Amino acid sequence: MATKKLLWVVLSFSLVLGVANSFDFHDKDLASEESLWDLYERWRSHHTVSRSLGEKHKRFNVFKANLMHVHNTNKMDKPYKLKLNKFADMTNHEFRSTYAGSKVNHPRMFRGTPHENGAFMYEKVVSVPPSVDWRKKGAVTDVKDQGQCGSCWAFSTVVAVEGINQIKTNKLVALSEQELVDCDKEENQGCNGGLMESAFEFIKQKGGITTESNYPYKAQEGTCDASKVNDLAVSIDGHENVPANDEDALLKAVANQPVSVAIDAGGSDFQFYSEGVFTGDCSTDLNHGVAIVGYGTTVDGTNYWIVRNSWGPEWGEHGYIRMQRNISKKEGLCGIAMLPSYPIKNSSDNPTGSFSSPKDEL
């Protein structure tokens, strides 16, 4: 217990420090073309970005435009800050194409369909704690990185399944996104997008999902490896949808377990988010799957969601973003309340042997 508390103190301290260990710049770096070029070279070194000579000059111009956006935004009186992260020499169009949804070829894959029975197990919850953080409760694994693969849906799904499994078994097990990318192909499309609800159903029907160590992530689609996926580690009993456009209902769900959600993550402020409570410009054009792992309120009274992303630990607040909660629009900020869903696990039981499908027996 003491060790867990110490670990959380260390994590909390690093969250307070925010961008202390990340790439930073100063006004003197903006003084001349030469100093800007030096800044770009330092940024490339920090993020180990390799560019050919011809490409470097083109990317330098993109970098300068992004730098000025970050610089000018940070001078404004906003409750969040931006930074020059690993996306700093990508145009917003390029960023959106790779990380925020242009690979979701069919919008219905994120919009989904209503659950037939409309069940919501937390409907009768009457009170919730003022704040919840499933990281503190040991229900969240280390931040992961989807790379240049549109597999955010798989990462969102896995966060929720890892969370409910820890809640039911008191054991935190890192699960395999790659299994979903390679094998869940009936409705989902690997690196070209997918829907968390369909992934929950895949895991239920298959009888479980294997571990990350057994089937590690490769940031690209491959052939489904039956020898790995049959080694089941964690099972679920299904999933439910949170009532759409209802942040109060979403709060009840998150108070009890991590929840998968879809958002619009394609804006420039989201691209370069660093710290604080994000209130930035965004739409309800859902293009990115993430997971809510808690909520809270700042000292000035701003309510927020704690959202786990899949762009690595250097993005945002060590891989997380706090997004404003309880806004006037029913859809929530960036559409966060439009399509929430979560896995159901009724007991602490998990698979004890390999799964064998009819195809395996032929």
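From the backbone N, Cα and C atoms, a Cβ is placed for every residue, glycine too.
Computed from a predicted structure; not experimentally measured.
Feature annotation from Swiss-Prot assigns signal peptide to 1-20; the stated evidence is sequence analysis.
On its own chain, Cys149 (disulfide bond) has Val181, Gly190, Cys191, Ala219, Gln220, Glu221 as residues at least 6 apart in sequence with a Cβ closer than 8 Å to its own Cβ. Swiss-Prot lists Cys149-Cys191 (among others) with the feature disulfide bond.
Marked as active site by Swiss-Prot on the basis of sequence analysis: Cys152 (among others). Counting only same-chain residues six or more apart in sequence, the Cβ atoms lying under 8 angstroms from the Cβ of Cys152 (active site) belong to Tyr99, Gln146, His288, Gly289, Val290, Ser310.
Proximity of Cys224 (disulfide bond) to non-local residues of its own chain (separation of 6 or more, Cβ distance below 8 Å) is seen for Glu179, Asp182, Cys183, Lys185, given in sequence order. Taken from Swiss-Prot, the feature disulfide bond applies to Cys183-Cys224 (among others), supported by similarity to another entry.
Taken from Swiss-Prot, the feature disulfide bond covers Cys282-Cys334 (among others), and the record attributes it to similarity to another entry. Long-range Cβ proximity for Cys334 (disulfide bond), meaning a same-chain Cβ under 8 A and a gap of 6 or more residues, is found for Ile263, Asp264, Ala265, Phe270, Cys282, Ser283, Thr284, Met323.
In the three-state DSSP scheme, His288 (active site) is classed as strand. His288 (active site): 28 other CB atoms within 10 A of its CB, across all protein chains. Taken from Swiss-Prot, the feature active site covers His288 (among others), and the record attributes it to sequence analysis.
If you look up Swiss-Prot, you'll see Asn309 (among others) marked as active site, on the strength of sequence analysis. In this structure, Asn309 (active site) belongs to neither helix nor strand by DSSP; it is coil. Sequence-distant neighbours of Asn309 (active site) (same chain, 6+ apart, CB under 8 A from its CB) are Val143, Ala265, Val290, Trp315, Gly316, Gly319, Tyr320, Ile321.
Sequence-distant contacts of Asn326 (N-linked glycosylation site), defined by Cβ-Cβ distance under 8 angstroms and a gap of at least six in the same chain, are Glu247, Asn303. The N-linked glycosylation site annotation in Swiss-Prot covers Asn326 (among others).
In three-state terms derived from DSSP, Asn346 (N-linked glycosylation site) belongs to neither a helical nor a strand segment and is classed as coil. Long-range neighbours of Asn346 (N-linked glycosylation site) (same chain, six or more residues apart, CB within less than 8 Å of its CB): Asp237. Annotation comment: Swiss-Prot describes Asn346 (among others) as N-linked glycosylation site.
Per Swiss-Prot, the feature motif 'Prevents secretion from ER' maps to 359-362; the stated evidence is sequence analysis.
In this structure, Cys191 is the one among the disulfide-bonded residues Cys183, Cys191 with the smallest number of other Cβ atoms inside 10 Å of its Cβ. Looking at the motif 'Prevents secretion from ER' (359-362) alone, the prediction's average pLDDT is 35.
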